[in-house]
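Here's what TrEMBL has on this protein:
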| type | residues | note |
| --- | --- | --- |
| ACT_SITE | Cys381 | active site, nucleophile |
| BINDING | Asp282, Asp328 | S-adenosyl-L-methionine binding site |
| DOMAIN | 149-452 | domain 'SAM-dependent MTase RsmB/NOP-type' |
Amino acid sequence: MTPSARIAAAIAVLADIEARRRPAADALKDWGLSHRFAGSGDRAAIAGLVYDALRRKASAAHLLGATTSRAVVLGMLRLDRGLDLAALEKLFDGGRFAPDPLTADERAAVSAATDGGAIGDAPAHVAGDYPEWLDLPLARVFGDDRVTEGRALAHRAPLDLRINTLAASKETGRDANAPRDKDALRDKVLAELSHLKPQPTRWSPVGLRVAIGADAKSPPVHAEPAFIKGQIEVQDEGSQVAALLAAARPGEQVIDLCAGGGGKTLALAASMENKGQLYATDLDKRRLAPIHARLERAGVRDVQVRTPRPDIDVLDDLSGRADLVVVDAPCTGTGTWRRNPDAKWRMRPGSLSERLAQQKTVLDRAAGLVRPGGRIVYVTCSLLADENTDQIQAFLGRHPGFVPVPPEKTVSVLGDKAPAFLDSVLTFPEGLLMTPRRTGTDGFFVAVLRREG
Ligand SMILES: C[S@@+](CC[C@H](N)C(=O)[O-])C[C@H]1O[C@@H](n2cnc3c(N)ncnc32)[C@H](O)[C@@H]1O
């Protein structure tokens, strides 16, 4: 397909998303099924256009003074990809598979935008590309910075990988993860993945980052020998750091209460160097199911999966015994808008209240599992105070035996990176917040709560 035809296809897919209020992934899949001639490169490019347009939906529509899919794609190409009038006229040339030529109004609008994507006097939620109803909640956390925070959330996310240090002992046969074995593994993985040009991540000592171009597909990491051998996992650096901040130590009794597919469980198991006991559970057994294969592949030996059962508390025997309970809570996911731009516009106030109730339930359950002197680590991938600091304040009100550990202490596990990390995050008495703008990661809130002995 020509670049123009790909743009026309992206406009059609966006129109379908809007008209039928359906998820972008479904609309893209249907488009692929009804256009079987399109190759994988075409599909990736069209998906890239659709997701980038969703990322910049409000500012692009504002630039063009219209909310049609055509306006949003055109605005995105100008604001996000920096195409000037001449380049856009070449693409919108009215050819057989191309979008219609630009109108006089469209030409004027795209010419008015400055390079770098500024759009003048737009209100904060438009310039920051987020739903208007979230302006007040975001202003509460970020103040005037909410526009730049929103802009950073409207960029494409890189692909982050976590090196599984447990694979080092699998390779060497030695039980302990000696630092030299870990270094050797990292060098080996870097060499094996050199075609992806990975770079070490800024904060996580076990992270690698792969940049993804505008029209490029995410590389098929699952087919890499390093992945098959359990040496790498796909995990955003923010999620890696959240797991590191939990500071699970070898020999501890740790519960991962919202384990889902096991992303954090695997990282916690690596911190524990396969020593101690990690219990993984989730409310939803379907979400938990993939964890078994992932644990196997990663060479994790110290995890017991406790699959939920109706009318039975599968953690009953652990009451008041855990050194650490990790609550990777269900949340609105506002910190992951870079990866899910579709979710940004689909989010409704009702889903926030639902998540708040779930967070309260799961935090209260965690409180009953921690031993005196033990800790709860509460994590969300949300930016909203209601789900983060407010939720923790309310918890502390209900459970006066817990105290928050100050972020200055929590970050010490990052070693020599701790001071710069602390300067980058937003800190609160209850915890800390990473954001794409501040830490280059997805948005993650982390609170550590110690049960007094
Ligand atoms: C953010 S996801 C977990 C992601 C996972 N930890 C990972 O790193 O891949 C939140 C999880 O909480 C689970 N959940 C919701 N309410 C729960 C509850 N009351 N108890 C336990 N898990 C719950 C959901 O099913 C969902 O899998």
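Every residue, even glycine, has its Cβ placed from backbone N, Cα and C.
Bear in mind that the values here come from a model prediction, so they are computed numbers and not experimental data.
Location within the structure of each feature annotated in TrEMBL.
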| residue | record | Cβ within 10 Å |
| --- | --- | --- |
| Asp282 | S-adenosyl-L-methionine binding site | 24 |
| Asp328 | S-adenosyl-L-methionine binding site | 26 |
| Cys381 | active site, nucleophile | 25 |
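According to its DSSP assignment, the residue listed as 'active site, nucleophile' is coil. In this structure the alpha carbons, written CA, of Cys381 (active site, nucleophile) and Asp328 (S-adenosyl-L-methionine binding site) are 9 Å apart. Secondary structure from DSSP puts Asp282 (S-adenosyl-L-methionine binding site) in coil. Note on the domain 'SAM-dependent MTase RsmB/NOP-type' (149-452): mean pLDDT across this stretch is 94.
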